[in-house]
Amino acid sequence: MQTWSLVSICVLLGVVVRWGVSLNYYSGAGKPPMFGDYEAQRHWQEVTYNLPVQEWYFNTTDNDLNYWGLDYPPLTAYHSWICAYIAKMINPEWVELHKSRGYESPAHKLFMRATVLVADLLIYIPAVVLYCLYLTDGSSKKKVSTLLCFLLYPGLILIDYGHFQYNGVSLGFALWGVLALGLGWDVLGSMAFSLALNYKQMELYHALPFFFYLLGKCVKLGLMGRGLFLLARIAVTVLVTFALCWLPFLSDPSQTMQVVRRIFPVARGLFEDKVANTWCSLNTLIKIRSILSSESQLYLSFACTLLAILPSCIRLLTKPTFWQFKLALANSSLAFFLFSYQVHEKSILLAALPVCLLLNNLPLMAVWFLQASTFSMLPLFLKDGLLVPYVVTSLAFLFFSIYLLSALERCSEEELRLGSLP
């Protein structure tokens, strides 16, 4: 009973911090004509509510794809439609076709911030609570301490509640997948991760560890017996989940291909200005985009990403333990962040999630990485006027992590050696 009281306090504190950050500026506030990600999310609500499904991803007179055109998978579009339906009931002006472009008001800001919080309360926060309580080692006090630090990770809070996005939805689904796999519910885990992929295509950062962990488990059980049955159940679950998410777009091949083209914009080149990976850094010395064709850039990115991921995935295939799975998730997401195509600075959140899973085992390394990942987005926070929330949330996270997780006390060579851990 005492543990759940502490959990409630942690969740309440996490909610208070989130709402406190939400009172600050958001991306593109008062900056026409394109505004920012806040307007992008509002515009998707406008489009999905007013236009038929068949036009959501197509350039039409009512849907200018050059103005924040929908470029995420169908589940994001359905979420936008649900938010728009509620917005329409509160104030039709918020989602009025064409006329609502660039709409800003205190009431609308309150509504948009509330949609992020509700999504977190339904998807992300419950997954964090259950993971920390059932899949971390140690006493109840240690589990609650890990939970509080997990919930106070400043990077995700500042992006979702400051800058404005819904990263907690896709990361929450992915975490539900991790939780299910850790508890041995492989089919449910596959379904949860499929939902994450159908919400944001960037969840491909975590896809190979999920694939190799489940395949390794099936091989271990025997591909001529129980392993084959498990593999078949997982395959059917993934196919059915994808089919249901894509159902409105499957009747016409041109519809399907247009959605694919929108969510994988390979024609835009290896990187743009909002990037933070190897190619952007290398470009200061070698002008890759001038030397290589777009197709060659794509192949180079794919090859380097795959080479960086394969070692941990092969080990995961031969030794499918939950610990190896968590390490592979961190390695895979970092490999994608460093070498993949069209990487934005916010993509570091996809690497931060698996590192959060290691807070209990490797507190010093995890806290250091999470602080560095938040710092890497500082130019974006400065642009959005979020310097004060950045400083306050980063210091709070550092204080609680050092005090509750004893990060500075567990830093011997033996304790930091990955091989000595489970």
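Glycine too: its Cβ is placed from the backbone N, Cα and C atoms.
Here is what TrEMBL records for this protein:
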SIGNAL    1-22  signal peptide
TRANSMEM  110-132  transmembrane segment
TRANSMEM  144-161  transmembrane segment
TRANSMEM  173-197  transmembrane segment
TRANSMEM  204-223  transmembrane segment
TRANSMEM  229-249  transmembrane segment
TRANSMEM  298-317  transmembrane segment
TRANSMEM  323-341  transmembrane segment
TRANSMEM  348-370  transmembrane segment
TRANSMEM  390-408  transmembrane segment
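Counting C-beta pairs under 8 angstroms (sequence separation of 6 or more), the transmembrane segment (390-408) fails to reach the transmembrane segment (323-341), with fewer than 3 such pairs. When Cβ-Cβ distances below 8 Å are used as the criterion, the transmembrane segment (229-249) is approached by residues 53-54, 57, 73-75, 186-187, 190-191, 194-195, 198, 214-215, 217-218, 221, 223, 255-256, 259 of the same chain, each at least six residues removed from its ends. Only residues 6 or more beyond the boundaries of the transmembrane segment (173-197), in the same chain, are considered here, and those with a CB under 8 A from a CB of the stretch are 73, 75, 123-124, 127-128, 130-131, 134-135, 203-204, 206-207, 210, 213-214, 217, 230, 233-234, 237-238, 241-242, 245, 322, 325-326, 329, 353, 357. Beyond its flanks by at least six residues, the transmembrane segment (144-161) meets 3, 6-7, 10-11, 13-14, 17-19, 21-22, 113, 116-117, 120, 125, 128-129, 131-133, 136, 138, 167-168, 171, 346, 348-349, 352, 356, 359-360, 367, 370, 373-374, 377, 381, 386, 389-390, 393-394, 396-397, 400-401, 404-405 of its own chain at Cβ-Cβ distances under 8 Å.
Long-range contacts of the transmembrane segment (298-317) within the same chain: residues 208-209, 211-213, 215-216, 219, 266, 270, 278-279, 288, 292, 324-325, 327-328, 331-332, 335-336, 338-341, each at least 6 residues beyond the stretch ends and with a Cβ under 8 Å from a Cβ of the stretch.
Counting only same-chain residues 6+ beyond the ends of the transmembrane segment (204-223), those with a CB under 8 A from a CB of the stretch are 174, 177, 181, 186, 189-190, 193, 196-197, 230-231, 234, 309, 312-314, 316-320, 324-325, 328-329, 331-333, 336-337, 340, 347, 350-351, 353-354.
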